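One structure is given here, and the rest of the page talks about it.
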Amino acid sequence: MSSAVKLADRYLMTKRLGDGTFGEVMLAKKIDTGDRVAIKRMKKKFYSWEEAMSLREVKSLKKLNHPNIIKLREVIRENDILYFVFEFMQENLYELMKDRDRYFPESVIRNIIYQVLQGLAFMHKNGFFHRDMKPENIMCNGTELVKIADFGLAREIRSKPPYTDYVSTRWYRAPEILLRSTSYNSPIDMWALGCIMAELYILRPLFPGTSEMDQLFKIISILGTPNKDEWPEGYQLASAMNFRFQQVVATPMEQVVNTISKEGMKLMMDMMLWNPEKRPNANQSLRYKYFQVAEKLGAPVVSQPAPGSIRKTSAASVKSDTKAMTAKAAKKDYIGSENVSPQQPAKVIDRHINRNLPLNKETLFEKSDNKPLGPTKSNEAKPTAKEIYLSKSKYVPGQVSKDTHQNQIMTTNGLTGTTKTTTFSAKKEGRTAVQTRFEYAYGYIPSFGARQTGPTVSNQTNNHSANNSHSPNKMSNTGRVDWAAKYVK
């Protein structure tokens, strides 16, 4: 780790791989050896080495040297800009899943989960937990080698709470975090891995919530309402934020993840127990029967691709998988989740899997018949599932837009046929405590905090005021509960 070495003297930047909140990542080649590396350029400026070395990511990665944890090769500070030089991996787990045209064999999923657990066990043993486990933060060289990456949110287990409550991507966020706990610990990594494990089987997120409250509702709709005796702390957290658990019967997980073995189901469900204290830790998880199989598990001996090797893309990986499955099917000794006829080799379809389909009987609850996932209508380049998902409108009835200062609401009086257009002007900042709590509990901001301006009434009649009993500050919206009126009583 040095500030005297110039980046341009040692590395040749080739292309941009991605951009995040804290920095951008570039693909580069080491000039003297030809090795490919990933260089993360931090957006924040660092004016001393002491400041740079105090970063959580540096502190954790300096202590964590493991085959299933991404290796930090060096740190370079140049012109007050900090560069992290990491070993290069071909892709992340999300990219590996979205390029699939068929389900993974369970043996492949088992090996991926085994390697992630090995990395987590080492991390937790050395006093750190990740806090942001998700498919994008698990780097891959095909399905053979996986490594945990992005330790920007990592925490020391022995550090004292309270912690910041906004951690981890929502779809993989543990319920204690959704309920605003500030004393969580390493079990949140186990919950996230349980969600990732389910996603590897069904190739779409298990709990794709659109907000924090919707995330909780989606978890409850599948796992059922937690028992108060089973998790009393959860009910205390819910009460503190004015949230009430809906009484819902659990959906049989066999209907949701229907290609998993009994041993895999046991591990996955235990990692997603409501009570964090009852979830197995990483070491305990590695001793489950799911991993007691007659096959080699773990990282291969060679973890870094040869300097001059050509990157094997996900599409190429799918083609290789198809060829191998066809050959094995011809010998009648292949056991897996794919069913390929030796007379008609499986055709690899360049398609994009919609991993964000709703969880219903037409998508997940159907029984798997081991068929490929099917083609799309076009081979044109398509946006990723996450881009499609995030681009959709997140309109919630009654919500005041964060991007506009004025909203118009049209209401119709059913008795007179008159139409009233009301313009509300609301500030982005300075929400009342009532509005804030309401947003936490229900996922939208009630309109009673907005200032009403310029009401206009069309088609007025003489008997309009007699038939319309609404006050000027109330709105008629058929089919909706007037939460505002209830709240201000």
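Heads up, the Cβ atoms here are built off N, Cα and C, so glycines get one too.
All protein chains shown were included, and the count of other CB atoms within 10 Å of the CB of Asp132 (active site, proton acceptor) stands at 20. Annotated active site, proton acceptor per Swiss-Prot: Asp132, in sequence order.
Residues or ranges marked as ATP binding site in Swiss-Prot (evidence: sequence analysis): Leu17, Gly18, Asp19, Gly20, Thr21, Phe22, Gly23, Glu24, Val25, Lys40. Leu17 (ATP binding site) has a Cβ environment of 15 other Cβ atoms inside 10 Å.
Sequence annotations record features per position, and here Swiss-Prot assigns compositional bias 'Low complexity' to 458-473.
The domain 'Protein kinase' feature in Swiss-Prot is assigned to 11-291.
Feature annotation from Swiss-Prot assigns region 'Disordered' to 366-385 (among others).
Feature annotation from Swiss-Prot assigns region 'Disordered' to 452-489 (among others).
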Euclidean distance between Cα atoms of Asp132 (active site, proton acceptor) and Leu17 (ATP binding site), Å: 20
Nonlocal residues around Val25 (ATP binding site), in sequence order (Cβ under 8 Å, 6 or more apart): Arg16, Leu17, Gly18, Asp19, Ala38, Ile39, Lys40, Arg41
Secondary structure at Leu17 (ATP binding site), reduced by DSSP to three states: strand
Same chain, 6+ residues apart, C-beta under 8 Å of the C-beta of Gly23 (ATP binding site), given in sequence order: Lys40, Arg41, Met42, Lys43
Collapsed DSSP category at Val25 (ATP binding site): strand
